[in-house]
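S.K.: Starting off with a structure, shown below.
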Amino acid sequence: MNKFIIKGGETLNGEVDISCAKNSVLPIIAATILCGEKCTIKNCPMLLDVFVISDLLKSIGAQVDIDLNSGDMKIDTSNVKSIEPDAELVRKMRGSFLIMGPMISRYGRFKISLPGGCNIGTRPIDLHLKGLKALGVNIEIGHGYVEANAAKLLGDRIYLDFPSVGATENIIMASVFAEGETIIENAAQEPEIDDLINFLNKMGSDIKKIETGAIIIRGVKELKGIKYTPIYDRIEAGTFIIAAAITKSKIKINGVEEKSIKPMIAKFCEMGINMEIDGKSLIIDGRNELKPVDIKTMPYPGFPTDMQAQIMSLLCCTEGTSVITETIFENRFMHVPELKRFGANIKIDGRSAVIVGVKELTGCSARATDLRAGAALILAGLVAEGETQISDIYHVDRGYVSIEKKLTKLGAKIERVE
């Protein structure tokens, strides 16, 4: 089993290139099912989850070719024959559920195993299914599978009880061929949703977002294959911002969408991190003394839950008391016991974590319990005195492209060993 070994205390310097967003790439790959033609997704991040969803498409008959050097993924869904993707692949990743919308839209039916992914809460699929049912889909759940069929999809007004990203994406994709007009109210507003809409519209869909944030989809007859480059990964960018701040370093981050990272920038500036935006780049100066902050994770445009663990690592080293309240997932503090191994002072109170900054962290052996927890442990290891070993790093590989190589280029001492 691979692990990371980090020797802390190094100052970072130089530039790092951000990859395209995994959370954009996965629904876009799923959406290629809709057109039944050849699509090319450019600059795909070579991540475990990307390989899983590409294998998932292969399991239903799609042809997928990946250029490992350029990251270009060529997908031909013209010969998809099965409506039941490989169950073992589905169980590897929760994002597998993103093929429900495209499958019901193009084929009128699907059978899919209940999915896997990070164990950070129940993350129910009821909102996905509620949206599909509103469009006229019949759904049965039993023996670990979800089976669905629809003789005809009809547009409807759908109100989401919570602005779920996955549910919003599935309903959008399920609606592109539905007769009439579908309106999704209280839809998720994440930049990755906008990217999916842009991709679908370039294929020939008729989707728009109005001032209220509602998404309107007017059904079309067909879509065409296209070439497309997804947006940059705002969560990876945020992780490297913290890498600079936690090591008291100055670095340049290339591949930043200013609008998408504004919610994070607000908190980073409140802490005292200096940031200068230069086009698609961000210059980070983390050499100031930082101040504690209180954070509440919220749907976009609030502070992202996917950055909660990473900023906790930074607050562990920031003098004073900070409070993080997690409102999205009910089980997303699994990194706390691992951070305590470094000497962090954290107490959990319900959905809140109270962090009292300590003067220094000490290297230790820790385990990545999920994707973002793994990133948080790497960040702690960068500043900890001595050597840190992090196991179960396959979680990290689900969301970060060669993070150890990018950090090494900046001057960190981190290596992957078996």
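Each Cβ is built from the backbone N, Cα and C atoms, and glycine gets one as well.
What you see is a predicted model, and the numbers here were worked out from it, not measured in a lab.
Feature list, courtesy of Swiss-Prot:
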- Cys118: active site, proton donor (ACT_SITE)
- Lys22, Asn23: phosphoenolpyruvate binding site (BINDING)
- Arg94, Arg123, Pro124, Ile125, Asp126, Leu127, Asp306, Ile328: UDP-N-acetyl-alpha-D-glucosamine binding site (BINDING)
- Cys118: 2-(S-cysteinyl)pyruvic acid O-phosphothioketal (MOD_RES)
S.K.: Given Lys22 (phosphoenolpyruvate binding site) and Asp306 (UDP-N-acetyl-alpha-D-glucosamine binding site), what distance in Å do their CA atoms have, once rounded to a whole number?
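M.R.: Pair distance, Cα basis, whole Å: 12 Å.
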S.K.: Using DSSP and collapsing to three states, where does Lys22 (phosphoenolpyruvate binding site) fall: helix, strand or coil?
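M.R.: Looking at the DSSP assignment, Lys22 (phosphoenolpyruvate binding site) belongs to a helix.
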S.K.: Looking at the binding-site residues Arg94, Ile125, Leu127, Ile328, whose Cα is closest in space to that of Asn23 (phosphoenolpyruvate binding site)?
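M.R.: So, spelling it out, the nearest of the binding-site residues is Arg94.
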S.K.: Across all chains shown, how many C-beta atoms besides its own are within 10 angstroms of the C-beta of Arg94 (UDP-N-acetyl-alpha-D-glucosamine binding site)?
M.R.: 20
S.K.: Given the binding-site residues Asp126, Asp306, which one is most crowded in terms of C-beta atoms within 10 angstroms?
M.R.: Asp306
